[in-house]
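Feature annotation from TrEMBL assigns transmembrane segment to 94-115, 127-148, 160-179, 213-231, 243-261, 281-300, 321-346, 366-394, 442-464, 476-496, 502-520.
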């Protein structure tokens, strides 16, 4: 087994450990241990931040500040890639175009094609629903700009996990990784793949609902295909994302052009009735309508999960956000106008798939393009979701908050394969067990707890780390606004319609402390885990991103 470990280390393309050390490993002179390198990262409170160097301001914990003279002169945040003793690491392969594609591709999923009528259902007003659509886009943009400051201040992958660790310490960061790894990201993946499967199967069945078992089978196949793409190559995964994002934007263009044609014929009667006076919107209904709208916008923070793989991050991270989110907001506004040029409010709220109904009325013999558009859109969104989910698992595991194996990287392909596989297995379990509605409710409630937490982290670090380098800085009013809105989105539905599910979600979050105390704080390790870790290393051909040897 030691021979195999030595071979893995030698086989990695960028192995910085010298061959004498691998020979000593093979000859049992050294025992392999996992350590954090002090070169290429800064240790603060026992945690090594990969996004900063040993030259960081220790007082401020200036995660993300690099002063090493050997770094890429194009961006001081980018770094040289790996510490000198890193045999493998995640490479910077995500440029501006891929960054925009990741944001747009994960935000535009099935929601705007299938159920944009959720807002109309809870407001019963075209005017108020449009206001909420635009407000959701503005809120997403403000939140993403605040995340851009956090992401350029601390370039560690993992998004909220890294920011919670920086601002609050271990327990809140662990609770986020606990909920996100076991529930949020896998449930998001399961929801998208179930939507993909429903519309992929529908054309091949008679005039009836597709069998549930068949839909779940296709959803599982979709997850396996996306897993294979992401494990094989980062470049392949980003190329797939780019292609599918371009394809879904073509589908959006078809709907917008069809709506413009109908508006040109004078079909404006549904847009001329904003129905503000007759609206049934209450504070609780508006909060639920926001949930529906924000579900369609979700993904605005996904680029922060892969900051270690972004080229020139201080420039490309905020620029991707500034381009991507307004583009999505514009697409959503034009698509809603197009739908209302063809359908009435009652027709939209009663339709199970608004885009399909639109295609049947406008495209004629080409109506099959709309179900195809939904499948393309959901596949691309699922690909982006898994791409970022694996990085969260990788970041949390690397800091000792999850199983060690989940932070390992393939020796030749430089992909976080164990983290990707782990997320996919949980998503498959959710596909086989859950329903879309129950998954969305849980996702929306818990997600905004952590989005608000990230805004609080930014505010806290403005005071606790005032001198930390911030290549991109937002007005402080922005995180306060997003924090207040997130509190409303969490509390509003609970007050309006209390349900046991909200209590279950809160209890599940707090249950993470029962795992944190013994396994993280007290560092208790199950005796058989080392053997399992080494076995999985052999099977998956993965190694830690920072490896050294001790006598």
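Using N, Cα and C of the backbone, Cβ positions are placed for all residues, glycine too.
Small disclaimer: the values here were computed from a predicted structure and weren't measured.
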Two-stretch contact, the transmembrane segment (243-261) and the transmembrane segment (127-148), at least three Cβ pairs under 8 Å: no
Annotated stretches the transmembrane segment (127-148) and the transmembrane segment (442-464) touching (3 or more Cβ pairs under 8 Å): yes
Dominant neighbour of the transmembrane segment (442-464) in 94-115, 160-179, 281-300, 366-394, by Cβ pairs under 8 Å: 160-179
Folded-back contacts onto the transmembrane segment (94-115), same chain, C-beta under 8 angstroms, at least six residues removed: 140, 144, 192, 195-196, 199, 238, 241-242, 244-246, 248-249, 251-252, 292, 295-300, 302-303, 306, 309-311, 316-317, 319-321, 323-325, 327-328, 331-332, 335, 352-355, 370, 373-374, 377-378, 380-385, 387-388
Other parts of the chain folded back onto the transmembrane segment (366-394), taken as Cβ under 8 Å at six or more residues beyond its ends: 90, 102, 105-110, 113-114, 157-159, 161, 177, 180-181, 185-186, 188-189, 192-193, 195-196, 199-200, 202-203, 222-223, 226-227, 229-230, 237-238, 240-241, 243-245, 247-248, 251, 254, 299, 302-303, 305-306, 308-309, 353, 355-356, 358-360, 402, 406-407, 409, 415-416, 418-420, 422-424, 427
